[in-house]
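Trainee: When I checked TrEMBL for this same protein, it listed these features:
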| type | residues | note |
| --- | --- | --- |
| TRANSMEM | 7-25 | transmembrane segment |
| TRANSMEM | 45-68 | transmembrane segment |
| TRANSMEM | 80-99 | transmembrane segment |
| TRANSMEM | 119-137 | transmembrane segment |
| COILED | 177-219 | coiled coil |
| DOMAIN | 423-610 | domain 'FtsK' |
| BINDING | 440, 441, 442, 443, 444, 445, 446, 447 | ATP binding site |
């Protein structure tokens, strides 16, 4: 017998008992219709409880309704006993209320028993309690005692209810306090803005005055210089004493003004640079976005149509699960642009793996291309079943670009991903990720995601704030970005040049860390806030197909990626690595361990899903932008429908940026160094210093390199005069 059926039977039983007791109480003791049981029940219960007997049928009715509705009546032992004590205390109060205190103590006790035995009083239970309390405290004291304990008993039974009532009473006052606090903060912020504005106006005024003074001094100096120069017969320049004195005084004044002017100009230039930066940041205004990005939207379903679809899917879900012996109930749903997640409540004792195993059967009955089961939903006592919508809605990049969330994001490397399953915009900060691995098979939406990522950054940030190194071995996906001012080098298509670019990034990372160490700051944001330093841009390295690079130079590429991923977060260098072949020979353990944030689009198998996300699920995705996002530091996957941006929109955006500024390439990034010294040369010197000897086998063993490379390092040690041909150390290393 199932638990639900048992509960329904118990509910009917309790309702029947409650109905019978109610009938007995309504008919009274004088009727022959209630029978032997009814008469005895009536007499015994009225003798023990008095008028409190009328509460008994209502208690049975309550239990009956609760069990029929399949609800759990959560009542622990403390609440249960407090519930019973409440009736006993009430019975005692009723008995004491009807007692006269005249006569001896024995007479009063007889009176209490008489009143207690009366059907219109509190019964014998109440009488015994009242006798005990009356003996100790008297009538009035006993009543006060009983009322006090009755109130305490109510608090014990319904403590949550009391708390909620108190909170409801205090909430308006709390809200008023919060509003007043917010207004106070806004007032302080406005005063600070006014103060800052006045200070800026004062500085500009001082700069203007100092420039005018400097101009007047320069004019006077020029006039006097023309007058004082008198050439004598020998061709020498003679200067009169008075003019010389005036000139020296003016020169001294000029120096003072120059120093002050230089200080003011520096402040002014800093503010002007900030203004220019803000202008550059906002080069793409809404008017231009209207021209660049398509803003058309597909018609949405009406609310009634959505509810009709949801009801149909809900009925099918519950029916199919019931056929397999799982009495599940849909308690909630969350609808997104492409999928809807149904939240199922399942009975205790049912293993969630049993529902996961029914994935294919549910998909067949729902006529769905694919469904994904999240068992359980993180933070909820429910199982989530994600089912594709009958009518999918597109998520447009342009819509998210104009959203409040994206406009409010302060990071220069804010990235638009799309919308989650409840239709909320998902905008992430590349600084927090700090590196991203993207994988998915052809047609899954991987390339569109990369375009969306790059377009987000170049739309929001100027080329002085963010720079890109783009690697596109396929020579197709990233070529439209060739020539934008954000590029450090043209889009790289040769794997060997990509290896050089990554080595340059490693060296640049080390150089930036040296700058941070000298200035005593912890990250790029802190360094760029310093005065008198050249601001460093963020560098985003985008690799469109990692598999092509790993085939040419796997060791070099893997080492560079690992070093950048391990250290580059603080100094503003970020990696975005994509591949359509998520196998272990491409996404090695080292690369995977150092790229904590990952996006998986639709993949061919569960093995590929585990390679990327360490969990299955990506093989169930629908394609066309449907993704699973694993953010750094979060154990939970987030399902997102990727923002759609067309090739035409990308071309319009890049053409617009190219027309504004030209790129300034650093050729050194992809220029191979003429120095043939092995990069392990310095480490080799440290080894021979520690060991006091040198040999090819020693270098090979300590540096974990092959024989040929070890021999080449030894030759370089000899060429640099560190050792001789007999392998003797010549200098003090």
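Just so you know, glycine gets a Cβ as well, placed from its N, Cα and C.
In TrEMBL, annotation is done automatically, which means it is predicted and not curated.
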Trainee: Between the binding-site residues 441, 446, where is the Cβ count within 10 Å the lowest?
Mentor: 441
Trainee: Please compute the mean pLDDT of the model over the coiled coil (177-219).
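Mentor: Summarising the coiled coil (177-219) by its mean pLDDT gives 72.
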Trainee: Sequence-remote contacts (6 or more beyond its ends) of the transmembrane segment (7-25), Cβ cut-off under 8 Å?
Mentor: 34, 38, 41-42, 53-54, 56-61, 63-70
Trainee: Let me make sure I understand the structure: which of the binding-site residues listed (440, 443, 445) has the fewest other Cβ atoms within 10 A of its Cβ?
Mentor: 443
Trainee: What is the one among the binding-site residues 442, 444, 447 whose Cβ has the most other Cβ atoms less than or equal to 10 Å away?
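Mentor: Its Cβ has the most other Cβ atoms within 10 Å: 444.
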Trainee: Identify all same-chain residues not among 440, 441, 442, 443, 444, 445, 446, 447 whose C-beta atom falls within 8 angstroms of the centroid of the ATP site's C-beta atoms; report them in sequence order.
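Mentor: Not counting the recorded site residues, we get 580, 601, 602, 623.
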Trainee: Could you say whether, by DSSP, residue 447 (ATP binding site) belongs to a helix, a strand or a coil region?
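Mentor: Where residue 447 (ATP binding site) sits, the three-state DSSP reduction gives helix.
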Trainee: Using DSSP with the three-state reduction, classify residue 440 (ATP binding site) as helix, strand or coil.
Mentor: coil
